[in-house]
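What TrEMBL records for this protein:
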| type | residues | note |
| --- | --- | --- |
| TRANSMEM | B:12-29 | transmembrane segment |
| TRANSMEM | B:35-60 | transmembrane segment |
| TRANSMEM | B:72-92 | transmembrane segment |
| TRANSMEM | B:98-126 | transmembrane segment |
| TRANSMEM | B:138-162 | transmembrane segment |
| TRANSMEM | B:182-202 | transmembrane segment |
| TRANSMEM | B:231-253 | transmembrane segment |
| TRANSMEM | B:265-289 | transmembrane segment |
| TRANSMEM | B:301-320 | transmembrane segment |
Amino acid sequence: MSLLSLSQMKTSIGQYHVLHDVTFDVPEGGVFVLLGRNGAGKTTTLRSIMGLWKPSPGSVRFRGEDIAGLHASDIARKGIAFVPENMGVFGGLTVEENLVLATAKGKFDDVRLKRIYDLFPALEQFWTKQAWSLSGGQKQMLSVARAIIEPRELILIDEPTKGLAPSIIDGMAEAFAEIGQSTTILLVEQNFNFAKRLGQGMAVIDDGHIAHTGTMPDFAVDTALQEQLLSLSS
Amino acid sequence: MNQISQTLERFGGVYLLPVIVGLIAFVLIGAPSSWVTLTVAGLSMGMMIFLMASGLSLIFGLMDVMNFGHSAFVSFGAFVSASALAYLSGWLGADSVALNILALFLAFAAALAFGLVAGWFFEVVIIKPVYHDHLRQILITMGALIVSEQIILAIWGGAPVSVPRPAFLEGSWLIGDVTIEIYRAFAFALGLAVYLALFFVLTRTRIGLLIRAGVENREMVEALGYKINRLFVGVFMVGSALAALGGAMWAGYETLITPALGGEMMIVVFIVVIIGGLGSVEGTLLGAIMVGLMANYIGFLAPKLALASNMILMMAILLWRPSGLKPAVK
């Protein structure tokens, strides 16, 4: 059974119909990538899954349970974490306070904290600094760390490489590969090389519709399909 | 302007402003005893305004709600407390300080309790239906302010109501040439205690972290698994109760109150919140102290300018820092 299953999900924002028919399954484990051009509906898809925009009609099933229409906080409590495109860190709070808020009981699990320090050493270094003073890459690390400070079943990550330096992107890819071994990641990404490196399953969204689903290894070698769906030239 | 800002940052940033204003006033006033009296008056006035404004700042920062009805809680706090004090006038005039304190405590508790309950009612019935709609918020909260003034008129009448003070807060301390009114010192101490309590809650507790995070990014707080609507109600209730407490303190300070009190304080409260920076308790304290000091210094040095002093201060600060002195990080 799929961990997450979207069926004919439609989302409107105001008078605009952004998602017309989004249907795909995310299997449990590993990294599933959602690709698409600018404005295709990738971010809207993630936000709709997270309950930040209400999809109607259609279904969003997480472990078989329909979560469409639930409040974002209820969806989060079911084990889904969200790393938004703008990272969503609380700038006035310290690194520690940002992470404390993401814990269920306000206390850290030592093992998970050690894992975060290993993945993102900068966070330990800037533990007591306010988040606004971090660099873009460090904010992204904090945002991802917040998603894994508690056990989660699914992490929705929206364009994590946007605006980051290549050296930071490499580190981020290694971290995601490591996280993907124990948690399912649904990754929205425009950086195809990054997506290719991490993804196992994939889908392409175009103008609010799912235009293609398959495996990343197959898609990575099909340059004609890439050109057709993403306007990528080899 | 940049150079001035950088130099100021080096020596304590915006926290240095009240000190600079105080020093300039010291030179202009000339007489140290008058300066101390005015400074204490300014600080105590600032602390009372802080009590009224801190809740509004948090409500705006966290909920993005423009509540022009906030000063209704100030009015009701003042009148509820005045009625309680009048009812307990026997205890107020007693020789026993314990009875004096108990009467004052009960009057403030009545104002706080009223603020909590009325705040809950106001949020659920009036504010909730107009979340995310600023125009309707302005209209409905202004309407609520007018209705509340009429309710006060209906209950307490249009004549000024005299507010008795407990005996232990009457009179002044004379230290050398300096006269310090005891009630003003008390107002300062109470305001400081409330600020420290708010500061502790906001920086040392989980609920405080949530409020600070919610001021910055409500959506992300929800995505972390928290029901922010419950937080809204709680913050609104506490903000309204603090406004009522500020009104109760102000009533004792003025000793004569009218139903127009809320409308009169609304402008000052909004100026303080704007000067301080939306959503920031520290900024609100700083703004309130600046307004209190300026009102007293200018009232003494150039009485004709006293009414305009708040507006001039607001314009000067917004020209320098358009987001206010210490806005919450957004």
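Just so it is clear, glycine is given a Cβ too, placed from its N, Cα and C backbone atoms.
The largest share of C-beta pairs under 8 angstroms with the transmembrane segment (B:265-289) comes from B:182-202, of the ranges B:72-92, B:98-126, B:138-162, B:182-202, B:231-253. Remark: the transmembrane segment (B:138-162) contacts the transmembrane segment (B:72-92), by the rule of 3 or more CB pairs under 8 A. Counting C-beta pairs under 8 angstroms (sequence separation of 6 or more), the transmembrane segment (B:231-253) reaches the transmembrane segment (B:35-60) with 3 or more such pairs. If one looks beyond the transmembrane segment (B:72-92) by at least 6 residues along the same chain, the residues whose Cβ comes under 8 Å of a Cβ in the stretch are 52, 55, 99-100, 102-104, 106-108, 110-112, 114-115, 118-119, 144-145, 148-149, 152, 155-156, 161-167, 240-241, 243-248, 250-252, 257, 259, 261-262, 265, 269. Nonlocal intrachain contacts for the transmembrane segment (B:12-29), taken as residues 6+ away from its ends with a CB within less than 8 angstroms of a stretch CB, comprise 35, 38-39, 286, 289-290, 293-294, 297, 300-301, 321, 325-326.
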